[in-house]
Amino acid sequence: MLCICWQTSERTLDAPDLLDDFYLNLLDWGSSNVLAIALGSTVYLWDASDGSTSELVTVDEEHGPVTSVNWAPDGRHIAIGLNNSEVQLWDSASNKQLRTLKGGHRCRVGSLAWNDNILTTGGMDGRIINNDVRVRDHIVETYRGHTQEVCGLKWSASGKQLASGGNDNLVHIWDRSTQYLHRLEDHTSAVKALAWCPFQSNLLASGGGGGDRTIKFWNTHTGACLNSVDTGSQVCALLWNKNERELLSSHGFTQNQLTLWKYPSMVKTAELTGHTSRVLFLAQSPDGCTVASAAGDETLRFWNVFGDPNEAAKKSAPKKNQEPFAWANRIR
């Protein structure tokens, strides 16, 4: 008989002023084990290794609020998308702004994705732009295929394929040329949730909004839809387990839960409950064990869903016996 495990979060922090906006991307966990979250017009950083917290930037009212955050692969530099169509690049170690990317978009930038030195940005104007952050004339490619806001962007691990999802219900698969490889039209609502499979390079999972409620799996070489699963609620975010064949999804109305699925059977193995509003954003720790979720209820929750963090800790250098994020119970 199928047994579904019901789990609660390990820790809950208040996150006041977190925007309850499905189309934004306001949470990211970098390779240096620092979590970034945008609350209104301010980006905060939390170092999971020592529990320290800092404010990276509060943008001016005419520029904000912050509409997206994404760490560069080095875990030191971070891109911040703004409501006024600009993107700021920051060095988190020196707490200095490096540059502002302008001129690419006409509206807010709600999605970001790094591919080495290329920062890909997606806007409410439907444009997707590759920005080479090393050069003055940073716009190097522009993708045109979406007619509404681009709310999901993910590069494959190889950096050879880009997946985009939009409020026009479309998923596109692109290469570095400006012509899409596949235009995937099976979803019936906005697509923000995108996740490349870590153990099969040409496998992409996508999730549809409230009018769709499905998770779909795609062969990105052929464009074929391999499976479609009705989850019963809005799909806000997707994360693969890095070590096991599992997929985690976060949801909106009606249960506002996180669901853990076995792949490829898509049998539910766990329901993670506690949020009282839609779970808009997910981020995964570098060791792959812990997932952070942020929801419209203005809380940030941490879940040991993908493994035993104690086992992961044994493999790392000895540290003080202190819980991650024990520095506070409220984000200010």
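Keep in mind that glycine also has a Cβ here, set from the backbone N, Cα and C atoms.
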Write down the single range among 102-122, 123-143, 165-185, 312-332 that appears in TrEMBL as region 'Disordered'.
312-332
With DSSP, how much of the repeat 'WD' (59-100) is helix, how much strand and how much coil, in residues?
0 helix, 22 strand, 20 coil
Which residue counts does DSSP yield for the repeat 'WD' (272-305) in the helix, strand and coil classes, in that order?
0 helix, 17 strand, 17 coil
Secondary structure content, the repeat 'WD' (143-175) (per DSSP, counts of residues):
0 helix, 17 strand, 16 coil
Would you report the average pLDDT that the model assigns to the repeat 'WD' (272-305)?
96
